[in-house]
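Novice: The structure follows.
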Amino acid sequence: MLESSSSEFTHTYDYLDWLTILPWGNFSDENFDVLRAEKILDNDHYGLSHVKERILEFIAVRRLKGTSKGKVICLSGPPGVGKTSIGRATARALGRKFFRFSVGGLSDVDEIKGLRRSYDNALPGKMVNCLKSVGTLNPLVMIDEIDKVAYLLGKRQSDDPANALLEILDPEQNAYFRDHYLDVTIDLSKVLFVCTANVVDMIPEPLLDRMEVINISGYITDDKMHIARDHLLKTTCMECGIKPEQVVVSDAALRSLIENYCREPGVRNLQKHIEKIYRKIALKLVREGASAETPEVSVKKFMIDESNLADYVGKPELYADKIYEQTPVGVVMGLSTKSTGGSTLYIETTSVEEGEGKGGLHITGQLGDVMKESAEIAHTVARRVMLEKEPKNLFFANSKLHLHVPEGATPKDGPSAGCTMITSFLSLAMKKPVRKDLTMTGEVTLTGRILPIGGVKEKTIAARRSQVKMMIFPEGNRRDFDELACNLKEGLDVHFVDEYEQIFELAFGYNMGSPPLNFRRSLTSFMWDLLSGCFL
């Protein structure tokens with residue numbers, strides 16, 4: 001029996017308190033009603049049909065199995081697209097308690113598994129705190145920014161937090177989870193884990209292998225319009241204490257707000273700007289009410305349209321992604337993806353020195369190793385194409401070229417700009433600009449084959465945002481494009497190619513009235529065989 005004055009008394013008391021306060025044997029009653037879950041997801045989120053479908057499939061499997069034990073869900077997408085809110089809605093649909101914690105920047109394994117009792121101020125880790133907070137052993141736990149902790153993992157060899165996360169997330173291990181502080185086995189197999197990430201490439205392979213990844217792409221303007229009308233305007237109006245009939249936001253103002261102020265893939269920034277509008281209106285209402293004879297706030301109607309939008313949110317903060325109305329010689333618009341979604345990517349090439357035998361290539365724009373190699377391959381392919389098209393054109397042999405990718409402060413990498421670089425080189429060599437309103441993406445091989453790329457939806461959204469009319473995708477991405485929503489593809493003239501020769505004809509307008517080159521070659525061979533047969 002410890003005396004209350006003993007130094008060990010407090011430590012032992014705290015330990016027993018933690019041990020007894022955990023919800024041993026306590027579980028929430030789960031609801032595997034798919035129709036109810038579908039209704040909740042539809043009420044809380046606009047669009048995202050493929051995401052909802054995957055979650056409903058997940059719930060349906062759990063209903064048939066009669067258990068929630070299984071793979072972990074990982075929601076991947078740009079910031080502000082609704083990853084956390086989808087997790088909350090899923091918990092509500094299942095009837096589970098919800099708990100969220102972030103591991104962004106986490107570098108200490110004790111944050112997850114607790115600190116051993118032999119240390120001063122020792123406490124349990126995040127998982128034990130989670131179970132204490134929710135009061136059940138089967139909550140839905142959301143682990144935010146799991147890709148951010150992954151970035152730090154490769155720099156630590158000892159006490160790697162990835163091992164602790166693996167012990168929590170792996171269905172084969174989490175039934176025997178042991179916190180360093182409590183030092184008893186805790187069954188986490190009934191916990192449903194939902195992780196979020198911006199880029200899954202940063203998640204270690206052992207963790208990623210145990211996850212069911214659901215990609216959430218950004219929203220286009222029409223999607224944001226619906227979300228603002230159905231959710232953001234209504235909730236912001238209530239939070240600011242303003243009656244809905246007091247404020248009217250026109251469609252033109254809302255579209256201008258989205259396209260000129262909030263062009264990011266998510267809607268978080270859009271919500272901030274809407275809140276800014278309503279806060280200014282609230283201040284005007286209170287000021288006018290305070291100056292009136294009656295203490296009540298006067299009822300007045302505010303009309304927000306395109307003409308007075310700047311009075312509430314200031315001048316536009318963004319500039320057009322489309323730098324050129326008509327790209328000059330040596331400049332071609334490409335497409336790229338990053339953690340915040342898709343964007344346009346201009347490739348610029350110019351000649352810096354000319355003279356016999358002075359051919360060469362200089363590259364700038366903070367490009368990674370893969371993109372630099374892609375530029376070198378593009379230079380070689382462009383020289384070969386030029387030799388075939390214009391054998392007497394010695395531009396590449398006698399010109400030192402400088403290739404630059406704007407936004408030099410932003411690191412860039414990847415092979416998907418290969419075909420764009422070739423087109424930029426050829427445009428300069430022939431002194432001919434590419435077709436207006438054209439953008440392209442695709443990895444290129446040394447023989448001129450065009451290989452598939454990633455981020456088809458994000459790049460399509462970026463193209464629509466830049467008001468591009470014609471897009472060129474690799475043939476291998478045709479299926480990815482066909483799976484996109486109809487409203488996203490509407491108005492776009494999309495071409496799928498597997499050889500650079502096809503891009504050349506589309507970009508520079510050569511032989512547009514004639515059959516493609518491959519077909520002409522086949523036709524020539526056929527006619528030669530036919531004539532040969534006639535004269536035999």
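Cβ from N, Cα, C; glycine included.
Pulled the feature table from TrEMBL, pasting it below:
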- 326-510: domain 'Lon proteolytic' (DOMAIN)
- Ser416: active site (ACT_SITE)
- Lys459: active site (ACT_SITE)
Novice: Could you tally the C-beta atoms, other than its own, that fall within 10 angstroms of the C-beta of Ser416 (active site)?
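Specialist: Ser416 (active site) is surrounded by 27 other Cβ atoms within 10 Å.
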Novice: Which of the three DSSP-derived classes (helix, strand, coil) applies to Lys459 (active site)?
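Specialist: For Lys459 (active site) - judged by DSSP and reduced to three states - the answer is helix.
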Novice: What Cα-Cα separation, expressed in whole Å, is found between Lys459 (active site) and Ser416 (active site)?
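Specialist: The separation of the Cα atoms works out to 11 Å.
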Novice: Around Lys459 (active site), how many other C-beta atoms are within 10 angstroms of its C-beta?
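Specialist: There are 28 of them.
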